[in-house]
Amino acid sequence: MSVVEFTVNGRKCRVDNRIPRYTTLNAYLRYHLSLPGTKAMCHQGVCGACIVMVFGRRPTTGTYETFSVNSCLVLAVSCHGWEITTIEGVGNRLEGYSEVQKRMAANSATQCGYCTPGFVMQLHSLLHKNLTMAELENSFGSNTCRCTGFRPILDTIKSFGSDAPKNLIDDIEDLKICKKNCERKCSVNSEWSVVSEEAANQIIKIDYGHDKYYKVWTVDDIFKVIKKAGDIYRFVDGNTAKGVLPELFDYPPILIDISEVSALKQYSIDQNLILGANISIEDCLDIFKNESKTDEFAYLDDFVKHLDVVAHISVRKIGSLAGNFIIKHLKREYQSDIFLLFECVGAVVTIRSGSGELTLTLPEFLDHNMNGCLIINFKLPPLGPTHVVRSYKISPRKQNALAIVNAAFNFNINRDTNRIEEAKIVYGNISPNFIHAADTERYLQGRYMFCNDTLQTAIHILDHELNPQIMPPQPSPEVRKKLAIGLFYKFILSISPADAYPYKYASGATEIFRPLSSGKQLYTTDPSMYPVTEPLQKLEALIQSSGEANYVNDLPIRMNDVFAAFVLSTVHGGAVDKINYNILEEPGVVAIFTVKDIPGVNSFGFPGIPLQTEEEEILAYDKIKFCGQPVAILVAETEYLAAKMAEKVQVTYKNVPKTPAVITIDEAKKKKWRYKAGTNPDEKIVPKGKGENVTKVIKGKYETGAQYHYYMEPQTTIVIPVDKGLEVHSATQWIDLTQICVARCLGINESDVVVKVRRLGGGFGGKLSRSVQVAAACAIVARNLNRTCRFILPFETNITMIGKRPPIQCTYEVGVNDIGKIQYLNAKLIEDYGCSQNENILSYAAGSFPNCYNTDYFNLETASVVTDLPSNTFARGPGTFEGIAAIENIMEHIAFELGLDATDVRLANMKTDDNEIPEMIKTLKKEADYDKRCAEIIQFNADNCWKKKAIKISVMLFPVIYYGNYSVLVSIYRDGTVTITTGGIEMGQGVNTKAAQVCAYKLGISVSLITLLPNFSFTCTNNVFSGSSIVSECVMFGVQEACDILLDRLHPVQVELGKPTWNELIKAATDKQIDLVAEYMMNDKEPRLKAYSAFGVAICETTLDVLTGRFQIDRVDILEDAGVSTNPIVDIGQVEGAFIQGLSYHTLEEFIYNSIGKLLNNRALGYDVFLAKDIPVDFRVRLRFNSKNKNGVLGSKTVGEMGICTTYGIAYALRACIHESRKESGHKPEWFTLGFPTNIEAILKALDVPLSNFVLQK
């Protein structure tokens, strides 16, 4: 055979050599089958946007199963025999929606909606398993959402649990679940069989000329192909390794697909448990669960728990044992959990070559030349009841992350003497060649473990032999050593007799247990204003859940389309010398464009437009400003090829600086030209006086880092040459700037550029101005080639070249009295703007620094610096977030130094006018049982040495100002239906839904009659960007005014007719040729729109594991002032999503650079954000009751950015936990340095537990 065959939604598909071999299933679905519902973001099997469902034969069991896969990892040629179901095949507007899709929509589990199809498909793939709520919640480490905060998604998921409360479960008959116990494959929509019986065991060979693809069925087949291939082949099973090893994107000439070789997928037991090398990790979990019931393999129960946190289900289901081992073989520093577990119990591996089979220990395997060899099986030995096996994985987040340190221990203990007969101690991620703590193992042999002398000596030996290497972007050697020793001590506590240590130490023996998550949402509505204030389902929710909501790259591809990618600089300064154009000889490469191909202005900025002060180059040439700056554009026939070939373009540079890149504020401050003081009045606070009762002076420094926006839809633009101009489809928050810069760079009129935006898959400020660079580059290609161009930034490019949230530094000196009231404050707040001073937000920072406090004695200066990094940009709550965080650090510092409750210090400093915070604190403390929980926490900390708890209150006053202008166009049609198009771009915040609610309210019609159209540059001409939280309110105001215009026009007709129905009124108006199209442009000079304050209070409770630095957010209570909420469920979603984004920033997100400013953690497994099991276990949000905003629109207040501004509380809750532990470690009470983010590294450094504390008895 020379073709692979499978079905997609019942449709027959055949892939042969006309489809490029590197084509992933995702690319095949989107670009060849025109099924755009399945999304993609990271292309590394991490984000889950690409998940589809498969029904196929599993060689391990011999049965047909339903499972999920990451379509971005799987090659289309590897899908032979599969029945694939995409989001389109689950439910749609024609055939009806599935229950999963309907519940996702009804539970407000979508915002931007880009990730939603992946969640839906993952859940559909699990329905047939009849899982409990806890099992379902545990099954979504596969999926990322940056918008919702996960809570509504988890509620939807849990509603399908076998133990879900009755009120969460609809009629099970509505679910499209196949309940067949299949012994053979069936086709849901067709009787067609994908693979004929006679062809089932034939080698499939697809000949691409120089390249070949083989699908084999037996081990002998493998070696037949190897003999032909020589040294230029690679085995393919699940192809999941490329998520860890990016170099695997470069496929060799020969690919040998061994995924259906049954002999490598079987397991058996003689004396050992013999696992076929290609058994999937997920299938191993099932095998281990079953075999752990026997005494000799009881240790596999621990393996099951450990493998559950390896990758995620979709990767584990097709990722094999052998594949994992080969990654370890190729990349010795890879922290393979499977290698660790197998080595701990003394497993061996069998390999086969042309000369026969060979059995190796696992360390021997790492040194063995695997060229021409095949892993056949792994043998796990039985262990007697005297063996105790424990393993640990400490990773940045709970699921879907690589280990910071992983460890496995296997002690054979004489039960009569409690002496250790043999010890095996295995660690990962210490150094590339470190496996066993051999010195410690030898010392422990024959010794009685459960006494201080043995334990302390073992710890000191371990401390001596653990020498972690510096391996950026991995955490520091110091922290990895602390973790390794902490895990050893935790293991010893876990196996010690109950009377070996006091109860206070017992908490160290276990990891933090996470119960099933829960949440509560409280709000009020006003039925007299419906549909305004009504908790309506978001307009786009259902089409987002079904994949029918279109995003930029969902536009159907056409035959002549090309794809483009940036060529990035590899130096941090200097200039381009030469670009080697030899890459044009590669098949499929179309063109390379540089600065000389830009006919107009080489800039994606426009000084003079709001917040723009500098030109920024689309492509650098004479002056490179940072490592990773675009210097050229490569154009190719496919998305994959453009990205891959762009990496291979050879560029030489001249005048490259010999000095390191400047990447921190402290480094930048040393150069005067890099430093710019904030001189405008709104960039500072001038004190009105100074208090006279100074009893304490406190000095300090507070710093935060950068944050990647992590929008799920990448920066994307499609530019189509139309007539004499261009049609630009861009994922942008700023249509006007996009139109201007596209026209400027091409030297054409703005009127020849039409920009269209239907919706964004997330923005958070990252698509305000940064998207314009992509749009301009895309337009350059389209104009030069006169062909439609698609420009989709790969994850690595996106995170490398696109600016982030600016880091800040705040130094301060504050004098206070005995109750913490500020008598004077001198503070300086500096922001790192990256390589340009564009988008100055110092005024926002200075304006929010006061928060809810009296500033009479505040003296604040601001400044900015430029560094050798991408130009930073707006991020959710720009400036406001940083300003509030800075003053709140000062409040916490005051409270600590005076030994006071931080809330009391805050209340002592609060202003009395325009401040609802004191009352809100009182309300939330009562509702959250704050005082009772504080008392319980004090007792818990007294009773536990190795786990600590804390609870913190955080407050926010968010100054809201109306900024810019937003157009609204409302059109009424003859049948009474209405369309609205506006200058406010829908990106998940619900602006379209709120616009429809206000329109329906004003016109007195049903929301069902209203349709929101995309945003067009010709209907929102010269409008400002969509940002700063005010978009929904501004659009609502515009809709209100436009509707009033229409009502004025309709009034005479209504009077004439008496009491007509809506349809009668509109028919009569159209008969009279009355203009039923009204346009209104809101602007910031509207006298009825006045600045106001939004308030929020949050309470955050945490638990910290002192031995590992891991923590859990046990509960969060939020009281948010949304005024009279236009749509409570939309607003609560905004609060929850922003809050989780802030928690993630404060505790996880950071960037690691080398000396030239090259970003080292530029992959999806390198930059961690919160996932479903990182959010608060108990998450409660209440919108404040009886709160009408007199200055807003229909009594509402905006909420889009507010939730993130109270998340600083997590840092101080963790600081309090650390402080409690430090007291027991003998440290003096001081305001210690706590790094940002407050991650495991920062926590362990701050804890600084002496090794002498690791004892059993004191």
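Yeah, the Cβs are placed from backbone N, Cα and C, and that goes for glycine too.
Listed in TrEMBL:
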ACT_SITE  GLU1201  active site, proton acceptor
BINDING   CYS42, CYS47, CYS50, CYS72  [2Fe-2S] cluster 1 binding site
BINDING   CYS112, CYS115, CYS145, CYS147  [2Fe-2S] cluster 2 binding site
BINDING   SER320, LEU321, ALA322, GLY323, ASN324, LYS393  FAD binding site
DOMAIN    2-90  domain '2Fe-2S ferredoxin-type'
DOMAIN    206-399  domain 'FAD-binding PCMH-type'
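The distance from the Cα of CYS145 ([2Fe-2S] cluster 2 binding site) to the Cα of CYS72 ([2Fe-2S] cluster 1 binding site) comes to 17 Å.
For GLU1201 (active site, proton acceptor), the Cβ neighbour count at a 10 Å cut-off comes to 27, with all displayed protein chains included. The Cβ of CYS42 has fewer other Cβ atoms within 10 Å than any other of the binding-site residues CYS42, CYS115, CYS147. Taken residue by residue, the domain '2Fe-2S ferredoxin-type' (2-90) breaks down under DSSP into 15 helix, 31 strand, 43 coil. Reported as a whole number, the C-alpha separation between CYS72 ([2Fe-2S] cluster 1 binding site) and CYS115 ([2Fe-2S] cluster 2 binding site) equals 14 Å. Excluding CYS42, CYS47, CYS50, CYS72 themselves, the residues of that chain whose CB lies within 8 A of the CB mean position for the [2Fe-2S] cluster 1 site are, in sequence, ASN26, LYS39, ALA40, MET41, HIS43, GLN44, GLY45, VAL46, GLY48, ALA49, ASN70, ALA1164. Within the set of binding-site residues (SER320, ASN324), the lowest number of other Cβ atoms found within 10 Å of a Cβ is recorded at ASN324. Excluding CYS112, CYS115, CYS145, CYS147 themselves, the residues of that chain whose CB lies within 8 A of the CB mean position for the [2Fe-2S] cluster 2 site are, in sequence, THR110, GLN111, GLY113, TYR114, THR116, THR144, ARG146, THR148, MET712, GLY761, GLY762, GLY988, GLY1137. In the predicted model, the domain 'FAD-binding PCMH-type' (206-399) has a mean pLDDT of 95. Cα distances from LEU321 (FAD binding site) to the recorded positions CYS47, CYS112, GLU1201 are smallest for CYS47.
Each residue contributes its Cα atom, and for GLU1201 (active site, proton acceptor) and SER320 (FAD binding site) those atoms are 43 Å apart. Among the binding-site residues CYS112, CYS147, ALA322, GLY323, LYS393, not one has a Cα within 10 Å of the Cα of CYS50 ([2Fe-2S] cluster 1 binding site). Long-range Cβ neighbours of CYS47 ([2Fe-2S] cluster 1 binding site) (same chain, at least 6 residues apart, Cβ-Cβ under 8 Å): MET41, CYS115, GLY118, ASN143, THR144, MET712, ALA1164. Proximity of GLY323 (FAD binding site) to non-local residues of its own chain (separation of 6 or more, Cβ distance below 8 Å) is seen for ASP237, GLY238, THR240, ALA241, ASN278, given in sequence order. The two recorded residues, LYS393 (FAD binding site) and CYS112 ([2Fe-2S] cluster 2 binding site), have Cα atoms 33 Å apart. CYS112 ([2Fe-2S] cluster 2 binding site) counts 28 other C-beta atoms within 10 Å of its own C-beta, drawing on all protein chains shown. Rounded to a whole number, the C-alpha distance linking ASN324 (FAD binding site) with CYS112 ([2Fe-2S] cluster 2 binding site) is 35 angstrom. For ALA322 (FAD binding site), applying a Cβ distance below 8 Å and a minimum sequence separation of six or more within one chain yields PHE235, ASP237, LEU264, ALA277, ASN278, ILE375. Annotated pair CYS112 ([2Fe-2S] cluster 2 binding site) and CYS42 ([2Fe-2S] cluster 1 binding site), C-alpha to C-alpha distance, rounded: 17 Å.
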